[in-house]
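Taking it in order: structure first as structure tokens, then the write-up.
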Amino acid sequence: MLTMKVIQRWRGSGSGLGIEWLSFFFQHPQNITIPTLPWLLIFVSELILSFAWFLQQACRWRPVYRTVFPERLPADDKLPAIDVFICTADPNKEPSVEVMNTVISAMALDYPPEKLHVYISDDAGSDATLHCTKEAWNFAKYWVPFRRKYGLVTACPDVYFSSSENDNGDYKGSEFKAERKKME
């Protein structure tokens, strides 16, 4: 009688779970029916995932290290043409300035200019993107030759002009400073 009052008081105490979940563990073993199909499915899935994990570890056992041999690259006239597609959707979610930095960076790749084609796909058809594309084209006429002439490592103009330690190389002359000032 006392046990029933304690159980009823515990159930009504607002603990949420009560002791129904405990009753499964205190049943007689003959009364417990274990559903075999769900347990079997879980066991088989664990075996499959363990096997997949084991196969993925092979690349960590013996990693592949590759070296670059620039002298083996073909001449510029034998390189294939490359098309770079830059997609944008909404100028509010993807700021046009960031998209144009990507476009200019793609245009400034160290690749023959006659074999490099950069395309912009604007799904929203925004006037802001069109205007920024025109401005980026005007800026790229100065940036791309400037970068190639002075051998700058940074292709993105935003990174180049915002960094505190600029990638000026060995160029400290007045011609370099005048051209850099013209772009700023």
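All positions are counted from 1 along the displayed chain.
The backbone N, Cα and C atoms fix where each Cβ goes, and this holds for glycine too.
Just so you know, TrEMBL annotations never went through curation; they're auto-generated.
Listed in sequence order, the residues of the same chain lying 6 or more apart from Lys93 (UDP-alpha-D-glucose binding site) and placing their CB within less than 8 Å of its CB: none are present. Annotation comment: TrEMBL describes Lys93, Glu94, Asp123 as UDP-alpha-D-glucose binding site.
Here TrEMBL flags 36-55 as transmembrane segment.
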Other than Lys93, Glu94, Asp123, which residues of the same chain sit close to UDP-alpha-D-glucose? List them in sequence order, counting a residue when its Cβ is within 8 Å of the Cβ centroid of the site.
Thr88, Ala89, Asp90, Pro91, Asn92, Ala124
Measure the Cβ-based neighbour count of Glu94 (UDP-alpha-D-glucose binding site), defined as the other Cβ atoms within 10 Å of its Cβ.
16
